[in-house]
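Database features (TrEMBL):
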type     : residues  : note
TRANSMEM : A:7-32    : transmembrane segment
DOMAIN   : A:97-326  : domain 'ABC transmembrane type-1'
TRANSMEM : A:99-120  : transmembrane segment
TRANSMEM : A:147-166 : transmembrane segment
TRANSMEM : A:199-222 : transmembrane segment
TRANSMEM : A:257-283 : transmembrane segment
TRANSMEM : A:303-329 : transmembrane segment
Amino acid sequence: MAILRLLAIRLFTTLVTLSGVAVIVFFVIRVVPGNPIAMMLPPGATDEDIARLSALYGLDQPLVTQFGIWVAGVVQGDFGTSITTRQPVLDLVLGRLPATLELSIMALVMAVILGGAAALTGTRFRGGRTEGAIDVANGMALSVPDFLWGLVLILLFGVLLPLFHISGRVTPSLELPFTTDFYLFESLIRLRFDLWADIVSHMFMPALALAIPLAAIIGQLLKQSLKETMNLDYVTLARTKGYGETRVILREALRNAALPTLTLVGVQFTFLIGGTVIIERLFSYEGLGNMAIDAVINRDLPLIQGIVLLFALIFTVVNLIVDLLYAVLNPRLRHA
Amino acid sequence: MLDGRSMIRRRAGLRLWLSAGWLALLCLAALLAPWVAPKDPLAQDLFLGRLPPFWVAGAEPGYWLGTDSLGRDVLSRIIHGARVALMVALIAGTITCLIGATLGLLAGFLRGWVDMAISRLIDIWMAFPPVLFSILLIAVLGPGLISIIIAIVVIDWTRFARVVRAEAMAQGAMDYVASARVAGRGRIGTMIREILPNVLPTIVVLLTLEMGIAVIVEAILSFVNLSISTDDPTWGGMIAEGRTSIHQAWWVLVFPLITLFLTVLSFSQLGEGLKDRFDPVLR
């Protein structure tokens, strides 16, 4: 019951947040000083041409009317037409979404594996040189942002030791039999491991660059809570039963220590998704973020609006999932 | 014998001095750029394109770190690029700090409705993801240095406000503040004379970290060509150019990257080092 009520409340606040973002985005964008219509037309277009095209896009109406038209459209799934490509914004954005989702999830998995391994090793050999080395590596990983890690990776594994592809999502000459845009997922389902390997080779470095700072955060926090848990009575009890140190950490301490890390991972995951904007650009990966930068450069307002709204939707959904997971996993909240 | 604490202090001290040294060197290079840069950073010479750095065969004397595809001197461009990077760090960092710290101080010390209003504002602000915020702001303001500075200030003031508010609240509850009030000092006077000096170390740490953030933001935006529009040298712009010619001329990417890496690392290590210095537990 408590979980259902929490779900209802969170769904409501999510809706409020999203409407707030929609309103802000719409009005902030309309403050733009430059006239996007003038930019669409060839030089030498008359004022009359500009007025005609403005009327076509509804830009000659008062702001509030424009907002009304826009909201009515959004509710029906019409996010307008991109000014540069003249295609529906919804199609463009949804076409790129799977690429970004796959990249973010792969990065999240890598961060959890790397950070988890660092925390477990650090706890197993706590107080020694190994823990010191892990702390130093964590500190480095944290103080340098994903953009720079991406560049370092390009140099290391793209140029010095060319193991992975440094640009694109898939080798362009390959024939793709896919019906969806979830390449990584669909290649597995279709058992096309050749394609899968090619896609992973393209995604590996951007995903790793995104994962490094998050891995450091996970490593630090999980190690801290693990070390605290290791001093609790029930862990001592497990030890007196004669279990080895590694087993005690994995079987007894980890489950209790993981909860605070989980909440943090949720918040940090939204930062990671934000990081895809620049990382996708760096690796010429055809996702939402790369498209966002093009849209900003071209001042394609309807497209920017669509992308920002979609990102906001992803962020709020991630937060919602984390809150619910936390409620499900935390016994104190579950029985409240 | 060294006990654990002095070990930590000694290592922190080294970290602090190394970072401060690098940043001082960079500031000096930026200030004296026209005199210390060996070449004109904008001078193109297509016959001298993609020269390697001095220790590689085929290098030309005078071009220490090689040239890019247009024959422009990499070292001189890095030195001149430091001007843009440090200018953004200084201006954006200071304005963000002034606005954020003032609001935080007011909220944390005055409490009441001022705190309510400012805290609400911080909450709303932080609910909006920074990346979306910056995409929107740059889209609205258009590319350029001033837009970058405005974007940093508008997005990051909450970093200062939040922390300074908490600190000011903690300080406000202390006895010395009460005695200052009893001694007849006014509210604003107490805030500036008593609270501010005690919150200042925290502000300095935050400012140092913020400058590192500003440097990276400027580099990212000039990398995607949304910073200064001319061919004025920026580290991000050099990295973007180096990225495209990475297989032909690695040095065009590597040297600005090392510079940016060291600078960002130095700002954050300096901030962390100062935090340890100011931390009474370690002191």
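Every residue, even glycine, has its Cβ placed from backbone N, Cα and C.
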Annotated stretches the transmembrane segment (A:7-32) and the transmembrane segment (A:303-329) touching (3 or more Cβ pairs under 8 Å): yes
Beyond the flanks of the transmembrane segment (A:199-222) by 6 or more, those residues with Cβ under 8 Å of it: 102-104, 106-108, 110-112, 114-116, 118-120, 122, 134, 137-139, 141-142, 144-147, 149-150, 153-154, 157-158, 163-171, 183-184, 187, 257-258, 260-261, 264-265, 268-269, 271-272, 275-276, 279-280, 282-283, 285
Within-chain partners of the transmembrane segment (A:147-166) [C-beta distance under 8 Å, separation at least 6 from its ends]: 141, 198, 201-202, 204-206, 208-209, 212-213, 275, 278-279, 282-283
